[in-house]
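Okay, so here's the structure we're looking at.
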Amino acid sequence: MDTVALVPAAGRGTRLGAGVPKALVRVLGQSLLSRAVRGLLDSGSVGHVVVAAAPDQLDLMGREVRDLGDRAHVVPGGGERTDSVRAALRAADRLVPSAGIVLVHDAARAFTPARVIRDVVGAVERGARAVVPTLPVADTIKRVDDDGVVAETVDRSPLRAVQTPQGFTVDVLREAYSAAGDVATDDAGLVERLGYPVETVEGHTHALKVTTSFDLAVAEAVLATAPAELPESRLDTPGSPDDTGSDNSRKVR
Ligand code: CTP
Ligand code: MG
């Protein structure tokens, strides 16, 4: 089954404060956008990518992926991430009509290892309608009241932090976006609202979202120490299952 990945890249990168949209920020000479798109295509599980760029950045972002030919398209995004994903999905229907599986992957998660991408696609190929990569929550979590006083310590064992790429059958993501009238930060959240189960696969610390300059410094440090391991890294979190042939997905309801 053909897989198309939608890459929302139309944000301004305000919190990073680099003076250019985050997707154009270079790490060791290569932009986050270029790394994210190449990581998807090089994973071997993605045939085409549709990037949503800010309308005034179409040319600049197009230049970042020009050498990939018709495997990568750049289309205008919107004011909110939801609008950008919606625009990319509409473009994918037209540009890659054969796609049965769709991924949504933030340009800001440019260092996501191929193993995560393959696991997400694999879970959809095996029948999941929606899949997200997750990691256990490392910090202690507390609920606080309006005055900032701790009300309770939350059991974190069932909690997970969610990354991208998130994977869907094209039909389910289309249905979720046609039902969604408002803004959502998480595409799988829209699918949950329709009542479909959302499965999980193991995420990876390298799939961090670059939000602040600290995140960028972490990414640079990781790349500098292990240049050959990204995004093809198979150095998974200790104790994680190997990807070959294993079905490490779980259902979220
Ligand atoms: N995004 C998008 N369209 C928007 C807003 C965000 O395509 N209107 C994309 C960003 O480019 C990014 C991803 O969604 O790849 C996640 O958003 P975020 O990390 O918030 O990035 P920015 O919006 O660029 O950053 P900030 O909120 O700090 O301005
Ligand atoms: Mg934002």
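Using the three backbone atoms N, Cα and C, a Cβ is placed for every residue, glycine included.
Given the structure is predicted, the values throughout are model-derived calculations rather than measurements.
According to TrEMBL, the protein carries these features:
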type	residues	note
REGION	227-253	region 'Disordered'
SITE	R15	site 'Transition state stabilizer'
SITE	K22	site 'Transition state stabilizer'
SITE	R156	site 'Positions MEP for the nucleophilic attack'
SITE	K209	site 'Positions MEP for the nucleophilic attack'
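Projection of TrEMBL feature records onto the structure.
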residue: R15; record: site 'Transition state stabilizer'; DSSP (3 states): coil
residue: K22; record: site 'Transition state stabilizer'; DSSP (3 states): helix
residue: R156; record: site 'Positions MEP for the nucleophilic attack'; DSSP (3 states): coil
residue: K209; record: site 'Positions MEP for the nucleophilic attack'; DSSP (3 states): coil
Neighbourhood of R156 (site 'Positions MEP for the nucleophilic attack') by C-beta distance under 8 A, where only residues 6 or more apart in the same chain count: P136, V137, D139, T140, I141
Inter-residue Cα distance where the pair is R15 (site 'Transition state stabilizer') and K22 (site 'Transition state stabilizer'), in Å: 9
Listed in sequence order, residues with CB under 8 A of K209 (site 'Positions MEP for the nucleophilic attack') and six or more positions away: D106, A108, R109, Q163, T164, D215
Cβ packing number for K22 (site 'Transition state stabilizer'), 10 Å threshold: 25
R15 (site 'Transition state stabilizer') CB neighbourhood, other CB atoms within 10 A: 13
